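For reference, the structure discussed in these notes is given below.
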Amino acid sequence: MSVAPLVYLPDPKLRLVSAPVERVDDETRALIETMFETMYDSAGIGLAAIQIGVAKRVVTIDLAGKDEEPAPLAFVNPEIVASSEETQVYDEGCLSIPDYYEEVERPAKVTVRYLDRDGAAQEMACEGLLAICIQHEIDHLNGVLFIDHISKLKRDRVVKKFEKARAIGQLPSFPRRDRRGGDEAVEA
């Protein structure tokens, strides 16, 4: 197990559509473990494989707070098969767009079909923070970022700030928030 480097905006890899995993094998399970290690090391609650440069349809999530036992969830080839008309708004963030948060409106409930770590087909009803997080991560698998759900003006400002920072080999700075603490913000 190891921590992989994160891919940051404006890296074009983040816009790739990830390929389905043909079969869940030891290589897939090793990827999942690396993703969990990377996610925990970065104090995130969710990670898509593309965020570590691997264009495969794999997602890891753990919504446990910093004082709670880990509750790791792994999703291989996840797809949303149902979503509610009811929506909810969350202050989202992203490990690939560090320390930047915006309110995003998404369906309040979704049903996800996926393969587990053993390759068995599963279906899970998600609501609340889990629904938000799985939608955010599946967006990553489709080359979509949470900033694509905000106004073009705000999105353009954020992208420009990251492009300028990248040109000098840095990440931009935004006000810092604890991602695994009691904040409302979600950074996946």
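Positions of Cβ are set from backbone N, Cα and C atoms, glycine also.
Please treat TrEMBL annotations as automatic predictions, because they have not gone through curation.
Annotation comment: TrEMBL describes C94, H136, H140 as Fe cation binding site. Among the features that TrEMBL reports, active site is placed at E137.
In the shown protein chains, 27 other C-beta atoms lie within 10 A of the C-beta of H136 (Fe cation binding site). Within 10 Å of the C-beta of C94 (Fe cation binding site) we count 29 further C-beta atoms, all protein chains included. Over all protein chains present, the Cβ of H140 (Fe cation binding site) has 25 other Cβ atoms lying within 10 Å. The DSSP secondary structure for C94 (Fe cation binding site) is strand. Using a 10 Å radius centred on the Cβ of E137 (active site) and all shown protein chains, the other Cβ atoms total 25. Calculated from their C-alpha atoms, the gap between E137 (active site) and C94 (Fe cation binding site) amounts to 10 Å.
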